[in-house]
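Asks: The feature domain 'Glutamine amidotransferase type-1' is assigned by Swiss-Prot to 29-222, with sequence analysis given as support. Swiss-Prot lists 106 with the feature active site, nucleophile, giving sequence analysis as the kind of evidence. What Swiss-Prot records for 196, 198 is active site, and it gives sequence analysis as the kind of evidence. The annotation domain 'GMPS ATP-PPase' is assigned in Swiss-Prot to 223-415. The annotation ATP binding site is assigned in Swiss-Prot to 250, 251, 252, 253, 254, 255, 256.
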């Protein structure tokens, strides 16, 4: 469950607050200069998978970040601009003259080549999607991965192309739409690829990036969750001192890990507030209370506000309206309980690194809102409290790894994402207590089936939806007129795109039979085979 653990940083960071994470100076670091690519975050994640801390900064702030961060290497991301434009984004020359290894990707290759004296031209043939490159010479990036003379699949997304190399560079690969697909300056340790090595569609991309990190930059990889845990505890103690911290606990991964980490640092100076809005999964409230109050002995205030929330949602059918009502009411209830606790100086939030990245956009302009995100964005200003955000340096997969390091049960650490508004957005149309009970029970049966089949960890997210329609059925000798349950399961790496999970029909048939037999009020079950895009993962 994301609320209140994964707020959008643009809405929660107070005016003037520091928006960059800080990592101990002892760690090896790679700076990623962002030119606006939609997949820049993947570069950072791939680097961290190699045990090296990476940080993304927009190109406008790259020179200052480089001076402060003192990275061991730099990666230039892709981007939507053309280096041929008069106002094209560029890498700071101070970075290119600093003597550290540099890797350019797509736009990063083009700007590196152009800035160092090469030529870039508009391509006669654009390359978008899967492409094949031929390796024309050996290169440190290819060591142990690709051989001279071989051809390999990659993912391209470009219009411009490098046509003349800067002094000191050599071309080491070619493709039909980009005759100089990979460039190398071995003396300066400058390398660049026209293709996107960070995406899964380039099968050997991770290995090539590993070669840059390990063999070119010579980094050993000291970024571990064990080290992070120790450093985070010291930072929390230094920040909080003898102050009191209040943490909104949702039952989701982020808030759970943040709470346990903070409690390990400051003990009973932390109080958690768990607001049950009545739209949680089956037995979820009991599980949260048992784990945090009885197992970890964390001071916990459990508020059953289900009647308040359901009353406010009565008659509401618009999904955006539901989200806004739940978000505002959550703030009201949390604020009231925080005042009862009293004396808190700090508000703990499970802000993650992607939230921090999103707060500094490439263009500085607005983006289209597909769905509003439920968070506690109004709390810091409203409660006049300082923020404690111990996870702000981490990606989601790192949070899970930290949770395991802290000893959190796998049922918490490995659970599928759950939306802040909970079952409210899995119950299209008006929400009632009866509908929520039906949905809660159907969802529990579905997840139980998935776990028994050993499929839970192979699926990014799975859940049931209660449709706002009834259909005719036959049970025994009688006619029924009951609800339809939709089942959804998707595979994904980051939630940005997703494919439906291809269950076999025997599994779906057995699951449908169990739901209809065990859940009163349901007489039909359907399976959603929509990918994202065009659909979204959630129904509302």
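Just so it is clear, glycine is given a Cβ too, placed from its N, Cα and C backbone atoms.
Describe the structural context of each listed feature in the structure shown, including burial, neighbouring residues and relevant distances.
Replies: Here the domain 'Glutamine amidotransferase type-1' (29-222) has a mean pLDDT of 91 out of 100.
DSSP classifies residue 106 (active site, nucleophile) as coil under the three-state reduction.
Note on residue 196 (active site): other Cβ atoms within 10 Å of its Cβ, all shown chains, come to 23.
Residue 198 (active site) falls outside any helix or strand according to DSSP and counts as coil. Around residue 198 (active site), taking its Cβ as the centre, 29 other Cβ atoms fall within 10 Å, counting all chains.
If you draw a 10 Å sphere around the CB of residue 251 (ATP binding site), it holds 24 other CB atoms from the protein chains shown.
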Asks: Would you mind sorting out which of 106, 196, 198 (the active-site residues) have a C-alpha within 10 A of the one on residue 256 (ATP binding site)?
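Replies: Correct set: empty; none qualify.
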Asks: To the nearest whole angstrom, state the Cα distance for the pair residue 252 (ATP binding site) and residue 198 (active site).
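Replies: Answer for this pair: 28 Å between alpha carbons.
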Asks: Would you mind sorting out which of 196, 198, 250, 253, 254, 255 (the recorded positions) have a C-alpha within 10 A of the one on residue 106 (active site, nucleophile)?
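Replies: Neighbours among recorded positions, in sequence order: 196.
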Asks: Please compare the binding-site residues 250, 255 by how many other CB atoms fall within 10 Å of each one's CB, and tell me which has the fewest.
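Replies: Result for the binding-site residues 250, 255: minimum number of other Cβ atoms within 10 Å at 255.
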